[in-house]
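Only one structure is covered here, and it is reproduced in the block below.
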Amino acid sequence: MNASASIGVTGLGVMGRNLARNFARHGATVAVHNRSAGRTRALVQEFGHEGTFVAAESAEEFVAALERPRKLIIMVQAGPATDAVIEEFVPLLDAGDIVVDGGNAHFADTRRREAALRERGLHFVGTGISGGEEGALNGPSVMVGGSTESYAVLGPLFEGISAHVDGEPCAAHIGTDGAGHFVKMVHNGIEYADMQLIAEAYDLLRQVAGYTPAEIAAVFRRWNAGRLGSYLIEITAEVLAHTDQATGAPFVDVVADAAGQKGTGRWTVQTALDLASPVTAVAQATFARAASGQSDLRAAYRGLPGGTTPPLSRTEAERFTSQVEHALYASKVIAYDQGWTMIQDAAAEYGWKIDLGAVARIWRGGCIIRAAFLDRIRAAYAADRDLVSLLGEMEFAMEITDAQVPWRETVASATRRGIPVPAISAALAHYDTLRAERLPAALLQAQRDYFGAHTYARVDRPGQFHTHWATPGRPETTN
Ligand SMILES: NC(=O)C1=CN([C@@H]2O[C@H](COP(=O)(O)OP(=O)(O)OC[C@H]3O[C@@H](n4cnc5c(N)ncnc54)[C@H](OP(=O)(O)O)[C@@H]3O)[C@@H](O)[C@H]2O)C=CC1
Ligand SMILES: O=C(CO)[C@H](O)[C@H](O)COP(=O)(O)O
């Protein structure tokens, strides 16, 4: 077989098939391969007219079709499937070849694979690709890890097929080894938080304001034209306006209220615990999905007493809607800020040099959390590369100040009525934690010292101290 393909894609499921088509539509000759050859044939038969594909039925044929240095993208499920594909292809490759894992791999697996392939002279490039089926075909957001040398080769290819916003590609080299997959994981964690925040806002408008799903769809369309403008708000309006064809009921009412998950939100929270990075909105969103699926527990608790208050008048409902908009926006700023903090914490832990502004830039298009305000986050980091928090930027700080009363009123209204708002209230609690002059963590430290001699620091002098709680007079010693 002629080595004519500038890029290869193996794993032609939903994402791989569309990514291969996207490369071909941009003029690349694309080698395509799948474990079961039927998918390869189907792709070429159905979409062969879109560009130049080289269909390979075996791994050997696939590798032989690739120009050197070979560049192949693996688009299969994370975990054992990815390892199986790597093991199949690596013996067929030569030093300098580039293996891209475009699946949603755990960044720790990517670090392990990158180190193992580096030993063999190969570049392993963990790459987060967001945007689902549509994004893969028409322009995803691409978060590339691995070596700088490999990005010199891959960059033009990924930047070419990615989404573009204001003429800028939504693809970037995030950092070495697992940095691309780490940032994709955080993207998905933020996705969980954003979706939960939106769902809570919907629930409040439904249960407190008394609006119908169609009325809430109209509210969301209005919000989509403002600072909350985003893909997730846009699709939420579409979903809420949709009527179930079988029953004529609002579609949202016929969907079972148990949320699924594939695991990237859970990975974000697990990793955040290891990094001591407080992504509380993501954590609450992930636990909210888990709780929604606890059918036995929910059956046992259903109908137990909670808060109630009289329904709102039309005018009160309108005022409440405006409060919810503030609460949703402020919570969203906090949730995204938590994500950015987690990326900074990981960069410090793993030695990655991550351009935080570039993360915002490449999330403005192509990905699930694309949103108008990401451009403001990009601009905030462009103005100050060392920005510690979004609240250090004046406009965000002013918006959070403006949100104080409505944000707190929203959480209070939800609590009075017994409506769960775990993500909105977690975001508010996080804000209050960070702005507090003094936290009750001091008491925790004293408790830890009491029962476990874990020691504590003092506010008035340096060192670690221990109070001998069981000794008469409770003397204090220092090390
Ligand atoms: N779907 C989405 O919206 C998104 C998915 N992703 C990630 O992209 C990756 C691919 O997802 P998607 O395209 O949806 O998955 P699909 O289920 O549509 O396709 C899976 C592909 O993996 C192949 N495969 C599975 N196991 C093996 C194996 N052991 N050896 C070789 N090939 C194998 C399948 O081959 P066969 O046809 O032979 O079964 C198939 O081509 C995943 O990591 C996913 O998390 C990332 C962003 C969004
Ligand atoms: O990766 C994605 C987007 O970039 C998917 O949207 C994500 O996998 C969906 O996750 P879950 O099924 O856990 O809600």
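Along the chain as shown, residues are numbered 1 onward.
Each residue, glycine too, has its Cβ placed from N, Cα and C.
Sequence annotations record features per position, and here TrEMBL assigns NADP(+) binding site to G11, L12, G13, V14, M15, G16, N34, R35, S36, V76, Q77, A78, N104. The feature substrate binding site is assigned by TrEMBL to N104, S130, G131, G132, H187, N188, Y192, K262, R289, R448, H454. The domain '6-phosphogluconate dehydrogenase C-terminal' annotation in TrEMBL covers 180-470. Taken from TrEMBL, the feature active site, proton acceptor applies to K184. Sequence annotations record features per position, and here TrEMBL assigns active site, proton donor to E191.
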In sequence order, those binding-site residues of N34, Y192, H454 whose CB lies under 6 Å from ligand 1: N34
Sparsest-packed among the binding-site residues, when each Cβ's other Cβ atoms within 10 Å are tallied, from S36, Q77: S36
DSSP three-state assignment (helix, strand or coil) for G13 (NADP(+) binding site): coil
Sparsest-packed of the listed binding-site residues (N34, N104) - C-beta count within 10 angstroms: N104
By Cα-Cα distance, the member of recorded positions G131, K184, H187, Y192, H454 nearest G11 (NADP(+) binding site): G131
Inter-residue Cα distance where the pair is the residue listed as 'active site, proton acceptor' and the residue listed as 'active site, proton donor', in Å: 10
Cβ neighbour count (within 10 Å, all chains shown) around H187 (substrate binding site): 24
G11 (NADP(+) binding site): tally of other CB atoms within 10 A of its CB: 26
Least Cβ-crowded entry, counting other Cβ within 10 Å, from the recorded positions listed as K184, R289, H454: H454
H454 (substrate binding site) and N104 (NADP(+) binding site), Cα-Cα, nearest whole angstrom: 40
Proximal but sequence-remote residues of the same chain as M15 (NADP(+) binding site) (Cβ under 8 Å, at least 6 apart): M75, G102, G103, I129, G132, E133, A136
Site extent for substrate (largest Cα pair distance over N104, S130, G131, G132, H187, N188, Y192, K262, R289, R448, H454, Å): 48
Maximum Cα-Cα separation in Å among residues G11, L12, G13, V14, M15, G16, N34, R35, S36, V76, Q77, A78, N104, which the record lists as binding NADP(+): 21
Proximal residue to R289 (substrate binding site) among binding-site residues G13, N34, S36 (C-alpha distance): G13
Among G13, G131 [binding-site residues], residue with fewest other Cβ within 10 Å: G13
